[in-house]
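Features as listed in TrEMBL:
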type: REGION; residues: 1-25; note: region 'Disordered'
type: COMPBIAS; residues: 1-17; note: compositional bias 'Basic and acidic residues'
type: DOMAIN; residues: 43-510; note: domain 'Amino acid permease/ SLC12A'
type: TRANSMEM; residues: 46-66; note: transmembrane segment
type: TRANSMEM; residues: 72-91; note: transmembrane segment
type: TRANSMEM; residues: 152-174; note: transmembrane segment
type: TRANSMEM; residues: 186-203; note: transmembrane segment
type: TRANSMEM; residues: 235-253; note: transmembrane segment
type: TRANSMEM; residues: 274-295; note: transmembrane segment
type: TRANSMEM; residues: 333-353; note: transmembrane segment
type: TRANSMEM; residues: 379-398; note: transmembrane segment
type: TRANSMEM; residues: 418-435; note: transmembrane segment
type: TRANSMEM; residues: 455-472; note: transmembrane segment
type: TRANSMEM; residues: 484-502; note: transmembrane segment
Amino acid sequence: MEDIKSSRTDYNSDEKTVPPYDVSSETGDVVVDNLQRRLSGRHMQMITIGGSIGTALFVSIGSGLVSSGPGSLLIAFIIYCVFLAAVNNCMAEMAVFMPVSGSFVRMGSKWVDEAFGFMLGWNFFLYEAVLIPWEISALNLVLTFWSDDIPLAAICAACIVLYGIINLFAVKWYGESEFWLSSGKVLLILMLFCFTFITMVGGNPKHDAYGFRYWRTPGAFAEYVTTGSLGKFEGFLAALWKAAFTIVGPEYIAMMSGEAMHPRKNLKRAFKTIYLRFGVFFIGGALACGIVIPYNDQNLINILSGSSSASGTAAGSPYVIAMQNLGIGVLPHITNALLVTSIFSAGNSYVYCASRTLYSLSLDGHAPKFLRYCTKKGVPLWCFCVTMVFPFLSFLAVGTSSAQVITWLANLTEASQIIDYICMCFIYLFFHRALKVQGFSRSDLPYRGWWQPFCAYFGLVTMTFTVALYGYTTFLPGWWDTGIFFSYYTMVFLCPILYVGWKVLKKTKVVKPEDADLVWERPTIDAYEANTLEEHVGFWEEVRVMMGLGKKKMEEHEGGHVE
C-alpha cells in the first residue's frame, strides 16, 4: 500500500478535491465541521488544570478516608494516577496527531469499528449529560451550608440560564468562563494546602502542632468490610475505587480538539500539564486530607452515614470539619464559596462535552442529521438544545421523594468513565498497528507517547481490572444489594448491547490496519494551521496580553487564505 505520507491532499492542485473547510469572515480562521477554533492556549491550560476537578476532591474524598485511612488513601491515589497517566499517554499521541471534533469517539469509528464508535459516543454522552443535574443538585446542597431557606427551584433555574448563556453564543465564552472558574479551583486547592501546612506546624487557634499525628493514632491503614490484614487491603481497594471517580482529565482535553486554536501545539502542552496536575493536585489532595483529620473522626462519620443534619452539604468536607475542630471560623465560609464555583464549573464542562459528543455522533451518522446544524459562532445549536433537556431534571430535587432519582441516574452511569479509558487504550492499539502496517514512522508524529504500545496494554489491563472489580463488595455474603449492583455494572452490560446492536443493524466490520484512514482531516487541519491569523503565544504571554500588559501579535501569512 502507498505510504501514507505521500497521500496528503494538495490544497493548491486543481486535480485534487478541496477539503471541506471554510474561512471565517470574522476571524480569518479556517472552519472545519462548522466549528470554530477559538479556545486559546490560556483557556486550555486552565481547563486542563482545574476544569475537571469537582466536589470529589474536596468533599467526597472524605468517604475514601473513612474506609481506608490516610496511608491507603495516598497509596491508592498514587497508583491510580499511574493507571490514568498511561491512558493519557495514549490519548495525547492520537489527539495531537488528529485533533478532530469528537476526538476519541470518532477515532473509534474510523480506526476500530463503526459500531465501536457508536457505543463509545453514546456511553460518553449519557455519562456527561446525566451528571449535569447531579451537579446542580449538589450545588443546592452546598448552599444549605449557609441557609436552608434558599429556594431550590430558583437555583436550578439560575444554573440552567447561566449554562445557556455561556454555551449558546460562542465557544470562546465557554473558554473564558472556565478560565476564571478553574482559577477559583486552583485558588481553593492552594488555600487548602496552605491551611494543611500552617495548621500542622502549630499555626492554629489551639497552637497544636499535630503534624502526622493521625497517621500514628488511629493509624495509617483502616479496616474495611473485614478485619485484620485482609480488612486493611480491602480498605486500600475502597480508596482505589474512590480515586477512580476523583481523578479524571484526558477525555475533557480530547473533547476540545475540534475547537482548539493551534491544536497541535496547545493540545500537546495541555496533555503534558495533566501529569503535573496528577502529582500536585490529586496526590497532594489525598496527602493533605489524611493529615488534617483522622479517619475515625466522629463528625465525619456521622455526616457520611446520614445521621447528622449537615449530611450532604459542604460541612461533609474533611477540610471544613478540620477547620471547625480547630476553632477556625472564617475559612469554612471561604471554602464553601469556592466550592460553589467549583461545582458550577463542573456542570458547565459537562454541558460543553455532552453537546460536542452528540455533535460528533451526528457527524458519523450515529445520531440524527439535523443535529449537525451550527450557528455562525460555531455552536451546534440542536445538540445544545437536546443536552439542555437534562439540567431540567434538577427540578426533581425540589421534591424530597423525587430527589433520589437524580442520584439514581448518576449512579447508573458510574462505570462509563472507566469504560471510556478502556476504549481509549483499545483505540490506540488499533492506531499503533495501522501506523506500522501502513509504513508510517512514529518518529514523524507531532507527539509521541512513551513506551508504546506497552503503555497502552498496561492502561487497558489496569482499567479493565478497575471496572471489573470495583463492585466486588456486592458479591460478599450479607452485602448484596440489587440497586448498588446495577449502579456499579449497568453500563458494563449496556455498552456491549449497544455495540452488538449497531453492528448487527448496520453490518459493520472491524477496520483492518491497512484500511484505517490515517489521512482523514489532516489536510484541513494543516490548512487551518497554515492560514490562521493569530500567532501562537505562550500561556503567560497570553495572560499578560489579557491583563493589558502586552500587545497582541498577529501574523500575516504570505499567499492569503485558502479559497
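Residue numbers in this text run from 1 along the chain shown.
Yeah, the Cβs are placed from backbone N, Cα and C, and that goes for glycine too.
Sequence-distant residue pairs (6 or more apart) of the transmembrane segment (333-353) and the transmembrane segment (484-502) include fewer than 3 whose Cβ atoms are under 8 Å, leaving the two stretches without contact. No contact links the transmembrane segment (455-472) to the transmembrane segment (186-203), because fewer than 3 Cβ pairs that are 6 or more residues apart lie under 8 A.
Sequence-distant contacts of the transmembrane segment (418-435) (same chain, at least 6 residues past either end, Cβ-Cβ under 8 Å): 84, 86-87, 90-91, 93-94, 104, 107-108, 111-112, 116, 120, 123-124, 127, 244, 250-251, 441-442, 449, 452-453, 456-457, 459-460, 463-464, 466-467, 470, 491-492, 495, 511, 513-514, 516, 518.
Spatially, the transmembrane segment (186-203) is adjacent to the transmembrane segment (46-66); three or more Cβ-Cβ distances between them are under 8 Å for residues at least 6 apart in sequence.
Residues 113-116, 118-119, 122-123, 126-127, 366, 408, 411-416, 419, 467-468, 470-471, 474, 508 of the same chain lie 6+ residues outside the transmembrane segment (484-502) yet bring a C-beta within less than 8 angstroms of a C-beta in it.
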